[in-house]
Structures are given as structure tokens and as C-alpha cells.
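Listed in Swiss-Prot:
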BINDING   H79, H177  substrate binding site
BINDING   D96, D107, E235  divalent metal cation 1 binding site
BINDING   D107, H170, E204, E235  divalent metal cation 2 binding site
Amino acid sequence: MTKLRLKSKDEIKKIKASASLLALTLLEVERNIVPGISTKELDLIAYDFIIKNRAKPAFKGYRGFKGTICASVNEEVIHGIPGKRKLADGDIVSIDCGVILDGFYSDMAKTFKVGNVDSSIDKLLEVTNASLYKGIAEMKVGNRILNISKAIEDYIKPFGFGIVREYTGHGVGFELHEEPSVPNYYAPFFKNIRIQEGMVLAIEPMVNLRGHKVSIKSDGWTVFASDLSYSAHFEHTVAVVDGLPLILSEV
């Protein structure tokens, strides 16, 4: 992982342009999430949209990954490889994507419902998404990384969901993955560095319906909940500007 590098306001504007295009890409994918569509078809939609807008997909070819998006269905947490699998009513699918625009990287994820889902799954998505914003609110000068982590954990814990521990948020902007790591639970063994002006982070809670443990499928990429419970994942690229958090991956 590339070391921490703070960004100037001009550089943050360029990351914002990348992240805004990324947000539009996810909207384009979302419009096509219906029962019967395959995750590969969604991948091609994202690829075409990014290329049409004179940018590059950040994931495609990264450490050998074949997709433009990670499409993780139901019990799959992250890094799902797009393929022939067709979405069905009652599924959920996490779409994680990255964009490189003019050399600047952004990273974003949302979990979408396919048709009608069980109320417990609705609650999982609602809580995971809300926890992201609780974490973002703590990304301000004067705080430390674990203030973000604790806010996410404190919000999720009363609901009894399992917070994934093996994977974290991270710095982003000049590269796809930069320092620091941003865990989604209070983990004192992580580097608890100070939040600084010009810091850009990808904050991304990953939360399972039941237990927190995860495993990796035989494809070497797809991470899934070990107890096969459904999993949600939400992520934004966020910068510290004038001491406060500014979400870059919103339109």
C-alpha cells in the first residue's frame, strides 16, 4: 500500500471530478439492476460508461482482476467477479467501482436491492449505509482515524450485525490504495494517525447480517460471510477540506 500523501485543494478538485464520474457510473448501473440481468452485463454497462467519459476503470487489471466492477451478491461481501450469474428477486448486490480520470483515483460502493427483500435485509442495508455517514462525520481535523472506526462500530453494534474485520477502508487519490488503513471497528493495534487537512480516504463499512467472520472462494477473489448470511457494503471517497469532511463521490 502506497504511503500517506496529503492532497492540495487543486488535487482534491481533480479527485472530485473522478469521484463525480464514478457516482454517475453507479447511477447508470443502478438503473439496470433488475431480476434477470447478469453481473457481467452490469460490468459492461459500467465499462462502457467510464470509457465513453474518457476515463479508465481503476479495478480492471488491478492485481489481475478482470472486472470493471466488483459485483458481490447476497452472502458475498466484496471482490465478487462479474460473470454469468443472473440476479433474482430478493437478492442484494454490492457494486464496488473505481475510476481513474486524468490520473486521479476514486473509489465507491453501494449495495442495491433486487426487487423485494426481507425486512431484516432492508434493515441491514439501512444500518450499514447510515454507519458510513457516522464515520464520515468524524473525519475532521483534531480527530484520529480510530474516531471514524469507533463511530461506525458504535452505530452498528446495537443492531447485532457482524462487522467485517479483515478488510478496511484506505487512503485514495494518487493510487487506488494508499495509507492509512481505516478499520470499521475500534482496533487499537492499527496506526491511529491524526486526521489532517488534505487527507483523502475511502471509508467503507462491510457488515454481515449475523457473524463477522469471512472466507474466500476458490476463485481467489470473492470474499463471503462464513455463515452465509447476507452482507452489505457502502463506500465513499471523502476529503478533509478546511478541517471538515467533504464527500467527493456524490452528485
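Using N, Cα and C of the backbone, Cβ positions are placed for all residues, glycine too.
Structure coloured by features recorded in Swiss-Prot.
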residue	record	Cβ neighbours (10 Å)
H79	substrate binding site	22
D96	divalent metal cation 1 binding site	25
D107	divalent metal cation 1 binding site	28
H170	divalent metal cation 2 binding site	20
H177	substrate binding site	17
E204	divalent metal cation 2 binding site	26
E235	divalent metal cation 1 binding site	24
H170, E204, E235 filtered to the binding-site residues whose C-alpha is within 10 Å of H177 (substrate binding site): H170
Check: same-chain CB within 8 A of divalent metal cation 2 site center, minus D107, H170, E204, E235: D96, M108, A109, G169, V172, L201, A202, I203, H236, T237
